[in-house]
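One structure below.
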Amino acid sequence: MRIPSWPIENPFGRAGRFASCKFRPGMPNSLSETTIAVTQPPSGVMTPVNPSECPDAQFGDLEKGLSDKTEIDLPRQDDHGWRRIVRGFTPSMFSITMGTGVVAILLHQMPYNSSWTNYPCYIVFGLNVLIFVSALLISILRYALWPELWPAMINHPTHSLFLGCFPMGLGTIVNLIVLVCVPAWGRWAATMAWVLWWIDAALAVTICCSVAFLMISVHEVTPEKLTAACLLPAVSCIVAASTGGQVAQMEALAAHEALWTLLTCYCCWAIGFFVGLMILCIYFYRLLLFKLPSQEVVVSVFLSLGPLGQGSFGILQCGKAAKMIFPKLTLLPSEAGTILYVMGLIMGLVIWAMAIPWMCFAVGSVLRLKFRFPFNIGWWAFLYPVGGVASATITLSAELDSAFFGVIAEVLTALIVLVWIICFVRTIRGAFTGELFPKPGVCELRPDSGAKVKLHIFRCFKTRTRTNADHRNE
């Protein structure tokens, strides 16, 4: 007896992607992102064909399907307007705040700075705060309206990695409060920066440890599917350390407050840096065996600079803070601060040098494709790691009084500002055209109690089913 099957309707045309995929019995489960309800009468459960028949299904298998009399009630109101934007607002959107924040920091800290560059810094700083608050409110609304998206996102092997973007985005704001607001507003701004930093550090450590545990316990990670995005949770801890190093240097803090801040910074730096190094070794192994990533995600190679650039900048800032704090305390001899400063300077220089080959790998991967790769939200991930290298270069230039590092820092800053302008313009255009907020896509179905089935969305197109009668009428 021939089992009826029907094609999935592709909104981009019948000849488009996945146009050949059909549902029929027998197939295993996989992972999902979005969930919508499906009404199922008491009958057998159909499952889609093997994903090998759908070669473009690169983000996961099609899941348990529908019976021959299943009727899907798609929430079409979620596919349009603000609900579509909110529903498609993943944690990766916080990479925009990371890139915008690091641009403001570099404009403020450039070695050959002038007063006129402060005004663009203030504008970008205000824009970054606006973007961060908006992204936070949209994220809260997303999981309030669709609470099932939270566990689906946590269990997603890619989306969960971008949770580290949230504390890193918050870290840029804390940095700018220290650099811009504290000198102008005094004690209360310093207190605000200190409180926000403790929140940022707690979130960073929690995300780093929890996401790493999910990677080794829940997520299906294979070498060929490994990306540099796995470094994001670890880098969030390093960013908390580098930010805390600057917070600890505020004169408005009491000596014991600065000490506890500094000790926490060293702990955060150790957690993030050494976890990041382990992941970086595995990622290099993946590149050796399976070569560079695909054209669409080739810019992710720049993420490998994250633990090195921020690691160098973080240990330099901690050393500077130790040199300032320990002479005020009797806990250790005052020379301890100088020793930690010198150790931080040497380690910062060594780690900065470690970033050079990875910078060459990243630039070479882009030049190899002759800049022919599409724009996506991942472009924002390019800015922050390179910005970390630029921040470390600026600090080395100041501490070593080196014109060599100063020139390199100026060149990196100019390139980052240029790429930021391109990303910002393309993101605005993508937001208006809807490219950044795709519609729900390829589904996976899981049996539930009663006559309900949860339909999980993976790729960006809508599905339509036909009853047996409709199929026979063809």
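Any Cβ shown, glycine's included, is placed from N, Cα and C.
All annotation found in TrEMBL is predicted automatically rather than curated by experts.
Annotated features, as they stand in TrEMBL:
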- 92-110: transmembrane segment (TRANSMEM)
- 122-141: transmembrane segment (TRANSMEM)
- 161-186: transmembrane segment (TRANSMEM)
- 192-214: transmembrane segment (TRANSMEM)
- 226-247: transmembrane segment (TRANSMEM)
- 259-285: transmembrane segment (TRANSMEM)
- 297-316: transmembrane segment (TRANSMEM)
- 336-367: transmembrane segment (TRANSMEM)
- 379-398: transmembrane segment (TRANSMEM)
- 404-425: transmembrane segment (TRANSMEM)
Most Cβ pairs under 8 Å with the transmembrane segment (92-110), selected from 161-186, 192-214, 226-247, 297-316: 161-186
Proximity verdict for the transmembrane segment (161-186) and the transmembrane segment (226-247), three or more C-beta pairs under 8 Å: yes
Stretch in 122-141, 192-214, 259-285, 297-316 most in contact with the transmembrane segment (226-247), if contact is a CB pair under 8 A: 259-285
